Amino acid sequence: MLPRSRTMPSRIHHGAIEERHDIRHYLQVEVQPNAQNESEAMNTQANYSKCFDDDGRLKRTGTFWTATSHIITAVIGSGVLSLAWAMAQLGWVAGPTVLVLFAFVNLYTSNLLTECYRSGDPMTGQRNYTYMDAVKAHLGGWKVKLCGWIQYLNLFGVAIGYTIAASVSMMAIKRSNCFHKSGGTDPCHMSSNGYMISFGIAEVIFSQIPDFSHVWWLSIVAAIMSFTYSTAGLGLGIGKVAEHGRFDGSLMGISIGTVTHAGTVTGMQKIWRTLQALGAIAFAYSYSIILIEIQDTVKSPPAEYKTMKKATLFSITVTTVFYLLCGCMGYAAFGDLAPGNLLTGFGFYNPYWLLDIANLAIVVHLVGAYQVFCQPLFAFIEKWCAQKWPKSDFVTAEYDIPIPFGGVYQLNLFRLVWRTIFVVMTTLIAMLMPFFNDVVGFLGAMGFWPLTVYFPVEMYISQKKIGRGTSRWLGLRIISVACFFVTVAAAVGSVAGVVLDLKTYKPFETSY
């Protein structure tokens with residue numbers, strides 16, 4: 001029988017109140033009988049404050065740089081690869097303008113959200129460990145359940161989207177090598193299923209990382225990979241523009257009557273494509289759904305919101321510059337026929353090894369990004385089950401597994417089973433509906449307004465007690481309503497795209 005873990009407090013939390021009681025009880029039993037006098041007791045308590053925060057949880061160690069790496073890993077995801085396609089739908093005028101506007105909206109609302117991490121005083125108020133906790137503390141009622149459903153369904157959808165994106169990049173590497181090996185005589189068609197299963201197996205392993213605070217190293221690796229493939233895509237785009245000696249594209253985007261691989265673009269398809277492009281750009285900035293969870297890893301002092309505001313400003317500035325460069329250069333290289341996945345659009349051109357490196361970097365990045373997005377969902381389910389069945393060893397017990405040269409891993413059987421089932425589910429759904437562009441657009445639309453705009457605005461109004469009808473209240477409302485219409489439009493366009501895709505595919509038989 002494996003030895004039961006004696007870690008205090010339990011790694012699976014049963015709620016803030018219960019945790020505080022556990023810590024106090026632990027201090028009473030272990031500390032007070034050994035204290036010879038009052039000063040010695042105070043010194044012992046001071047030593048414990050070095051290990052635990054003011055709420056009894058283990059002390060956080062996150063910094064500006066770890067928060068930045070989490071944000072960049074979440075933001076510069078597979079969405080960057082669809083930006084050239086989005087630019088092609090919108091054109092040279094609207095494309096960059098919409099991209100910059102989304103950046104400003106995300107920066108502004110993210111700053112509002114950082115101030116809602118603590119209820120009441122932003123320095124000493126009660127901490128909200130998750131996005132749902134923040135909504136519960138500031139808004140309460142039915143909005144808490146609504147937020148939970150939207151947030152966790154969105155995270156579930158992101159996991160599916162990342163599985164699809166990773167399989168596309170893995171196939172691109174295989175096809176590139178196949179093409180060069182055959183000298184161009186073999187079309188190298190292949191199924192995506194095996195690559196999705198391979199990605200799923202990797203995620204089953206990495207999903208056993210206990211919680212968000214333990215993902216920091218994977219997040220840093222993923223952030224480096226995101227810059228690697230973005231730089232490769234940018235370089236290839238510049239090279240293709242130099243080869244042509246001109247910038248392709250048009251002021252208003254793809255024209256009606258243009259012949260694409262999917263057929264001739266009609267007036268209605270032009271509208272759907274434009275709306276879908278809005279969703280793709282929204283998805284490229286979607287990280288607010290895990291902002292509170294990232295902020296909960298940041299140590300204090302200084303106040304968490306100050307560190308997060310700096311990390312958010314730095315991250316969004318860097319990513320927006322990369323987005324503009326990749327999106328614009330990709331559009332300049334391919335014009336109105338820009339592909340849905342930028343790197344696959346370069347075909348098998350030399351230097352094909354650079355494309356292989358870029359696609360490999362995407363796969364590594366998506367492995368880390370999958371974990372960054374899914375850890376909040378894992379934590380929510382595990383906390384709920386621990387509260388539901390607190391006496392179940394299967395749910396709450398942890399067992400010490402010695403790892404050669406790596407210390408001790410604490411195995412929880414429920415975590416092992418449930419996270420494995422989750423990864424299997426996302427992999428199967430990805431195999432059923434591998435529509436990369438339309439899935440990306442729909443995910444962006446579904447999560448953008450409620451999680452990036454509506455809830456942060458509502459919580460900030462409640463937190464700061466902004467009076468109804470004041471100029472600031474009115475300005476925040478205008479931003480929220482405008483973004484709502486963008487979300488509805490993008491969702492409609494994405495659903496229309498999925499409906500068109502459903503007419504031409506067979507389940508589990510998708511090939512490239």
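Yeah, the Cβs are placed from backbone N, Cα and C, and that goes for glycine too.
Where the annotation comes from TrEMBL, it is an automatic prediction and has not been curated.
What TrEMBL says about this one:
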- 60-499: domain 'Amino acid transporter transmembrane' (DOMAIN)
- 64-83: transmembrane segment (TRANSMEM)
- 90-109: transmembrane segment (TRANSMEM)
- 149-173: transmembrane segment (TRANSMEM)
- 215-238: transmembrane segment (TRANSMEM)
- 250-268: transmembrane segment (TRANSMEM)
- 274-292: transmembrane segment (TRANSMEM)
- 313-332: transmembrane segment (TRANSMEM)
- 352-373: transmembrane segment (TRANSMEM)
- 416-433: transmembrane segment (TRANSMEM)
- 439-457: transmembrane segment (TRANSMEM)
- 478-500: transmembrane segment (TRANSMEM)
Give me the stretch from 274-292, 352-373, 478-500 with the greatest number of Cβ pairs under 8 Å to the transmembrane segment (149-173). 352-373
Quick one: do the transmembrane segment (215-238) and the transmembrane segment (416-433) reach 3+ CB pairs under 8 Å, ignoring pairs fewer than 6 apart in sequence? no
Who are the long-range neighbours of the transmembrane segment (90-109) in its own chain, taking Cβ under 8 Å and residues 6 or more past its ends? 83, 249-253, 274, 277-278, 281-282, 284-285, 287-288, 312-313, 316, 319-320, 323-324, 327-328, 331, 452-453, 456-457, 479, 483
Determine which recorded stretch among 274-292, 313-332, 416-433 has the most C-beta pairs below 8 angstroms with the transmembrane segment (352-373). 274-292
Can you name the far-off residues of the same chain, 6+ from the ends of the transmembrane segment (313-332), with a Cβ under 8 Å from a Cβ of it? 64, 68, 71-72, 75-76, 80, 83-84, 86-88, 92, 95-96, 99-100, 103, 106-107, 110, 227, 230, 233-234, 237-238, 241, 247-249, 284-285, 338, 342, 345
